[in-house]
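J.: Feature list, courtesy of TrEMBL:
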| type | residues | note |
| --- | --- | --- |
| COMPBIAS | 202-221 | compositional bias 'Polar residues' |
| REGION | 201-221 | region 'Disordered' |
| TRANSMEM | 16-43 | transmembrane segment |
| TRANSMEM | 55-77 | transmembrane segment |
| TRANSMEM | 84-101 | transmembrane segment |
| TRANSMEM | 107-127 | transmembrane segment |
| TRANSMEM | 139-161 | transmembrane segment |
| TRANSMEM | 173-191 | transmembrane segment |
| TRANSMEM | 243-266 | transmembrane segment |
| TRANSMEM | 278-297 | transmembrane segment |
| TRANSMEM | 309-326 | transmembrane segment |
| TRANSMEM | 332-356 | transmembrane segment |
| TRANSMEM | 368-390 | transmembrane segment |
| TRANSMEM | 402-422 | transmembrane segment |
Amino acid sequence: MEETASFEKPRGYTKWIPVIIAALMLFLEASTYRCSGIFYVMIMDEFNVTRGPASWPISILGAMNDIGGILAGPLCYLISVKSVLLIGSCANVIGMVGASFAPTLAWMSFTLGFVHGMGGGFIRTMLQVFLSTNYRKRIGMAHGLMFAGAASSSFVFPSVLLTLRKAFSTRGSMLILGAILLHLIPLCMLIKHQNRDDCSKQAPTNSNDGSIQTTEELTKSETPSRPCFRIAKDAGKILCTPTFYVIVISWLIVVYTIELFFMTIVDFAMDRGLSAENVVTLLAGYAVTDLCGRILLPVATDNQYVRTSTLMAVNYFFLGSSVLALPEVWSYATLLFTGALAALFMGCGLAMHGVLMAKYIGMDRLPLSYGIAGLLSGPMVFLKPVVIGYYRDNIGSYNNLYRLLGGLLLCLCAPWIATTLWECRQDRKRKLQPHLYSSCKTQELPEKLAIPSPDVTGDC
């Protein structure tokens, strides 16, 4: 009999305890990311540099968060998910503490950007793998609740960071924040995860909803092999899946939008005449709708109210429209409403990334798929400082940047609409084939050879 993870045995609310632990870890890990706009301004003041150079530490931080799976994914073939999480937690703490002593902008980019960001990337990637392989029936809700922890950081850490900066300066506030992040290590110790072999045995059962299946032959009596051969074999199967490229492109554009939005919205709002205190309330307001988007919208796919691909097409349409509207708003109220609407669909797009990977790629290949996705998108995520410097320092505003991002998001509707149509066509074929098979058995064959219709099971 197959073994299941120990935390799947409890009934009722206790089965969600691991999700709460994951949400708490992401709550702490996302503190820097959610305060990226404040860090951006702090770095400009501390090192007396322009916006372009000041964005490098934050941009590298975001890039390492995005492409952390490049190393974390292959590491899962050698050590456990819990061990990778522990490595990421330690790196996250060391990077923040080291940043408080950085003498130059280059050292700040290395400690805060590379080390701290890589640790965060390990944590984000492995927590998604952890939930995807252990919560299959409620995978959307599990991811939404976990990412709700990240959204909740906006209620706490921006105000905390501003208070610490006034009391202890920029470097002192970063050192104290590093001490707070030490709580990641004991939380990581509480994680219990299935081993990889158990996950691969259960991988074919992850979906019965008529969606595109790419992992039917995933675990048919595979013989043990060396990790390098196993990685190469899984990588080949992932790269031959067309939907994987749609997911990667969608994820890259959404991540670009989220990170550039939260990195520039403080500066953008101040250009509109808002004070720093008003900007903090804006971030808190955005966190409310972001939280709703991460929790409520993915549940619609869990309960099969809507197809996953249909939800993504609708989500990108409204997200693109909201971002396109940002350059046209000037007052506090309109900026709060438009940004909150955009944050709602940003939250859904981010929470659904792990769900899409699990559905279209397969449970057993999840760690490696995150690594390949990071490798393919890596060169693009390092261009954010160039983009920010060009639009703010050269052009003078972020208006055209938001228009560009909004247009790209609207373009994402097309591949997901095509995916929805393809899935509908496949569903019609599956429903029609048993009917034709039954008709063929009962009408076209001689009466003595006809197979009674009750014996026809529905699979041809």
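Any Cβ shown, glycine's included, is placed from N, Cα and C.
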J.: Hey, would you say the transmembrane segment (139-161) packs against the transmembrane segment (332-356), going by three or more CB pairs under 8 A that are 6+ residues apart?
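T.: Contact between the transmembrane segment (139-161) and the transmembrane segment (332-356): present.
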J.: At a Cβ cut-off of 8 Å, and with pairs 6 or more apart in sequence only, do we get at least 3 pairs between the transmembrane segment (173-191) and the transmembrane segment (55-77), yes or no?
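T.: Result for the transmembrane segment (173-191) with the transmembrane segment (55-77) is no.
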J.: What stretch, picked from 107-127, 243-266, 278-297, has the most CB pairs under 8 A with the transmembrane segment (332-356)?
T.: 278-297
J.: Given the cut-off of 8 Å on Cβ pairs that are 6 or more apart in sequence, determine whether the transmembrane segment (107-127) and the transmembrane segment (309-326) share at least 3 such pairs.
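T.: Answer no: the transmembrane segment (107-127) and the transmembrane segment (309-326) share fewer than 3 Cβ pairs below 8 Å.
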J.: Counting only CB pairs under 8 A, let me know which of 278-297, 309-326, 402-422 has the most with the transmembrane segment (16-43).
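T.: Checked against 278-297, 309-326, 402-422; highest Cβ contact count belongs to 278-297.
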